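Here is the structure we will look at, set down as structure tokens.
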Amino acid sequence: MASSKRKMNRRTAITETARAAGAVCLGGFSLAALVHMARQADARALRPPGAQPEADFLSACVRCGLCVQACPYGTLSLAEWGQEPAVGTPFFTPREVPCYMCRDVPCARACPTGALDGDIAIRDANMGVAVLVGHEDCLNYKGMNCSICVRVCPIRGDAITLEPGEYNGRRIMIPTVHSRHCTGCGTCEKHCVTGHASIRVLPRDLGLGGSGRNRAGRKA
Amino acid sequence: MNARWLIADSRRLGVQAHGVLRAHKWWLLRRICQISVLGLFMLGPMAGIWIARGNFAASQIGGVVPLADPYILIQGLFGGASPAIPVVTGAIIIALAYLIVGGRVYCGWVCPVNIVTDAAFWLREKTGLTRDRKLDRRSRLGILAATLLASALTGTVAWEFVNPVSLMQRAFISGIGFGWAIILAVFLLDLFVSRRAWCGHLCPVGAFYGLIGRGSLVRVAAVNRDACTDCGACFTICPEPHVIVPGLKGTGSPLILSGDCQNCGGCIDACPVDVFRMTTRLTVPQAREGG
Ligand code: SF4
Ligand code: SF4
Ligand code: SF4
């Protein structure tokens with residue numbers, strides 16, 4: 001009797017445990033799927049200077065907003081529900097407020113988790129890269145000498161230059177970004193005079209072509 | 001219009017015996033504490049007075065002391081983050097603090113969602129809603145485990161994508177967007193589906209702090225349990241009624257030792273014959289005292 005009861009108990013204990021483990025896995029996988037979906041939207045988020053690569057950033061950042069509060073320009077904000085980046089993570093929208101590239105990088109210094117590298121020199125920041133996405137509207141492409149983007153760039157001459165070229169049979173000066181020096185601060189995007197900014201900062205994997213995959217593109 | 005109508009039914013006997021103020025003493029202290037903590041974090045962004053920076057996830061107090069939520073940090077570590085000194089220091093300070101005052105003191109005295117779920121409970125009593133779908137209160141441990149699993153699978157701080165607790169404290173400090181929908185869902189769940197559904201059964205944050213609370217120093221004790229009249233007021237008001245049974249009805253220690261107890265003092269407020277007292281493990285003997 002007693003032993004069969006114990007056996008029963010053991011059996012119920014095992015089923016109970018199995019059920020609990022099953023529920024945990026189901027819950028875990030569902031939440032993982034949700035997180036995965038939400039992260040598709042992150043692709044366009046611009047992070048504060050010194051941010052680790054996106055995958056590492058999302059596990060390190062605790063969503064505390066210390067970086068946001070440290071920025072003297074109100075550049076950064078924590079994503080709310082319904083905004084693109086992962087909810088609670090810091091990001092900025094250069095067309096509204098660009099990063100002013102503070103020499104002492106207060107945002108990154110304030111980060112308690114290492115999600116932002118506190119030792120970064122602002123010139124080495126890699127928030128994204130500016131891309132002339134709308135050349136059809138760019139005034140320089142129409143033969144004018146707007147060049148606002150070049151003139152406002154805090155690293156002009158290195159990050160962005162004017163290169164002579166020809167378009168529709170007209171000699172023009174093309175605003176040309178050099179990704180090695182561009183930090184993605186977004187000052188050019190902020191000041192572009194066209195409707196939606198013809199030059200925009202994109203995360204690097206969106207904004208750059210990447211080195212070639214076929215024989216022709218490969219470095220010799 | 002009689003303002004007494006507002007008093008929760010579970011406090012009626014306490015009010016009769018001790019007056020309105022004393023029957024709300026711990027409740028008042030808790031609300032003041034919850035509002036002050038949140039207010040301290042709002043002073044910076046709203047008024048430029050920077051006593052506390054950051055939010056409940058991690059902060060810096062007075063420009064020196066780092067604080068951090070250990071549960072969020074642990075999810076990040078499961079997600080593959082390497083621990084940084086400030087956030088780890090902050091998480092240890094917080095964990096030690098709750099080890100002293102009681103783990104789920106976070107729930108009763110700090111968490112803003114507690115105000116929402118208490119409000120839902122109050123409204124339940126007032127409207128006479130009794131629908132109570134039985135939930136297993138251990139579900140929250142399962143959800144806690146699931147959030148760690150999801151963090152490991154996705155390499156993120158997974159629960160932060162939905163956590164109503166984080167959403168709500170950020171709502172006041174920086175903004176919430178459509179996140180109010182989640183807070184509303186918690187309210188409706190507690191109101192219509194099940195008594196104390198969220199904080200008492202599902203929330204993994206509470207589950208986490210409950211684990212810390214198992215060893216905590218400050219505890220409520222039914223020191224005067226011989227006077228108990230079986231009126232049931234403490235069981236009605238308590239967000240985790242099961243924790244009261246051993247201390248009040250058992251023959252062992254009168255201490256409420258379960259990690260689930262929030263040290264909210266609801267039982268002290270509600271009891272008409274002063275059975276309960278806020279005390280510590282050290283001052284009340286673990287064995288039955290008196291005769
Ligand atoms: S570098 Fe300065 S301007 Fe740019 S985000 Fe950080 S604090 Fe703000
Ligand atoms: S300070 Fe660091 S951890 Fe806090 S929100 Fe900014 S990046 Fe995230
Ligand atoms: S036992 Fe008392 S102090 Fe603990 S949770 Fe219940 S009502 Fe609150």
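The backbone N, Cα and C atoms fix where each Cβ goes, glycine too.
Nobody curates TrEMBL annotations by hand; they come from automatic prediction.
The transmembrane segment annotation in TrEMBL covers B:32-52 (among others).
What TrEMBL records for B:72-101 (among others) is transmembrane segment. Long-range contacts of the transmembrane segment (B:72-101) within its own chain (CB-CB distance under 8 A, at least 6 residues past either end) are made by residues 57-59, 65-66, 147-149, 151-152, 154-160, 166, 209, 212-213, 215-218, 263.
For B:141-159 (among others), the entry in TrEMBL reads transmembrane segment.
Under the heading transmembrane segment, TrEMBL lists B:171-193 (among others).
Among the features that TrEMBL reports, domain '4Fe-4S ferredoxin-type' is placed at B:219-249 (among others). DSSP assignment over the domain '4Fe-4S ferredoxin-type' (B:219-249) gives 17 helix, 3 strand, 11 coil.
Note on the domain '4Fe-4S ferredoxin-type' (B:252-281): its mean pLDDT in the predicted model is 94. The domain '4Fe-4S ferredoxin-type' annotation in TrEMBL covers B:252-281 (among others).
The domain '4Fe-4S ferredoxin-type' (B:252-281): residue composition by secondary structure is 5 helix, 5 strand, 20 coil, according to DSSP.
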